[in-house]
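These come from TrEMBL:
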TRANSMEM  30-54  transmembrane segment
TRANSMEM  61-81  transmembrane segment
TRANSMEM  121-143  transmembrane segment
TRANSMEM  155-176  transmembrane segment
TRANSMEM  183-206  transmembrane segment
TRANSMEM  226-250  transmembrane segment
TRANSMEM  262-285  transmembrane segment
TRANSMEM  305-330  transmembrane segment
TRANSMEM  369-388  transmembrane segment
TRANSMEM  394-413  transmembrane segment
TRANSMEM  434-455  transmembrane segment
TRANSMEM  467-486  transmembrane segment
Amino acid sequence: MPHRPDNEEDAAQLAALGHKGELNRNFSPLAMLGLAFAILNSWTALAASLSLALPSGGPASVLWGLITAGVCNLCLAVSLAEFLSAYPTAGGQYHWVAVISWKRWVPLLSWITGWINTSGWIALVASGGLLGSQLIVGIISLMSTSYVAQRWHQFLIYIGYNLVAFLINAFMTGALPIITRSAFIWSITGFVVISITVLACASPDYSSAEFVFTDFINETGWPDGIGWLLGLLQAGLGLTGFDAVAHMIEEIPNPAVEGPKIMIACVGIGIFTGFIFLMVLLFVAGPIDGPTGVIASTATPLLQIFYNATGSKAGAICLLIFPLVCLLFATTSIMTTSSRMTYAFARDGGLPVSHFFARVHPQLDLPLNALYLTVVLVVIFGCIFLGSSSAFNAIISASVVALGVSYGIPVAINCIRGRQMLPDSRPFKLPGPFGWIANLIGLAYVVVTTILFLFPPDLPVTGSNMNYCVVVFFIILVISIVQWFIDGKKNFIGPRVNVDVLQNGEVQGMAPVFSSEQGSSSNFEKSSK
């Protein structure tokens, strides 16, 4: 028998949203913060992806790009925290879009948001394995100057990362809260140990403050302004994925109160640790550009910086163990969240053969079929890497762009409707002017990055360095459109919310404010569950 939530109030709140609790609420707030931070893992992701920003603006892009993206992502996080506080369900963005949209557009807008969000999470799973495989190949390059890296070498390591993450998710689901708490502790420990070690070893030969905070490098072929903006992809990767809290929200107690706190906190911690760590790396980096510089190193920029700082290959590799394990934690946590997102969307009929992917395994207490789907698609998605030298950028871009768009859709609809579509009784509420400012800054960031991150990373454009993110999105778009006409248009109505319960205010903090257009005639099917 599937397990129901232990807390009766949480169960009633979820029932009001049209679903029975099938997943255990065995994540404490600290464990969920660990999961969310393991997914962002900002200092690790930022450091491991230095190759994205150093050629696209240099140190000026690395540091100030993080501050720019940090402020914008924090605005998005507080904006989505309002939705999470009002409607704490694993569906997240596509559920919120359905609740606040115009009646006639509910199914289509919810469908589009669900497909974009699900695709973004699958792409984000791929990014963890790619970053880890890149670092491991870098270790081999550092130890053997005669080694010539092949893309299939990195692909096999990528498969290994995802296989381990799958096994943990499938057979150690009860231990996931312990694993995520461990991930948080390991990440913070690594941040402190590496920072102290490289600063001590490099003393007193530090780079100048002028270099760290103002030096600009552009090796992309694009104009300087475009090049700097393209460097935002690194910061975007390091701060995206905070909606994981929403997709795991049915597995923590008191979700309407704790969820928004965790969502905002993980972004704030990510900005702080990321900025400090990147600043430390730049002070000890040594030469950045040129044939022997960090950018051109076959050992990856991060490992080369460790080596430059410590003067020891063994010491550099030992330090690299921290981000390597962090990336394994991240891949595991992202896969967990991706499977829950897939499960939630299938539960509402958004995927082909939804009834199959919405099943919860009775013994393992997890949506195993949704997990299978995630892993299979991640393997297929990773195969792109075998055919293109820029597939790394494409997969990173795909995850950041898709998740960013899914963040922007509910916020944009709420703004268009005067920010009047969320219940006043929600525990977390932004004050009027601040709410508008946060919403609009977040939306501007989504628009700019969605356009820019589809650009090729370098000029001139060739078949091998093209940004295949466009191709990936086209394929997803075609599949979703075909599926919409085959099944969605006839059967998908959005999340199955029990609107009578919500309108009567029987569950605290759950009563939505409907316009007269929506009234008491529900645009959702009342749940029979």
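Just so you know, glycine gets a Cβ as well, placed from its N, Cα and C.
Counting residues 6+ beyond its ends, the transmembrane segment (369-388) has Cβ neighbours under 8 Å at 121-123, 125-126, 129-130, 151-152, 154-155, 158-159, 162, 166, 169-170, 335, 338-340, 342-343, 346, 356-359, 361, 394-395, 463-466, 468, 472 in the same chain. Under the criterion of 3 or more C-beta pairs below 8 Å, with sequence separation of 6 or more, the transmembrane segment (183-206) and the transmembrane segment (61-81) do not qualify as touching, having fewer than 3 such pairs. When the stretches 30-54, 61-81, 155-176, 305-330, 394-413 are ranked by Cβ pairs under 8 Å to the transmembrane segment (226-250), first place goes to 30-54. Sequence-distant contacts of the transmembrane segment (305-330) (same chain, six or more residues past either end, CB-CB distance under 8 Å): 38-39, 41, 44-45, 47-48, 50, 128-129, 131-132, 135-136, 139, 142-143, 161, 164-165, 179-180, 182-183, 186-187, 189-190, 193-194, 197-198, 201-202, 281, 284-286, 294, 299. Under the criterion of 3 or more C-beta pairs below 8 Å, with sequence separation of 6 or more, the transmembrane segment (61-81) and the transmembrane segment (467-486) do not qualify as touching, having fewer than 3 such pairs.
In this chain, the transmembrane segment (467-486) lies out of contact with the transmembrane segment (30-54); the count of Cβ pairs under 8 Å, excluding pairs fewer than 6 apart in sequence, is fewer than 3.
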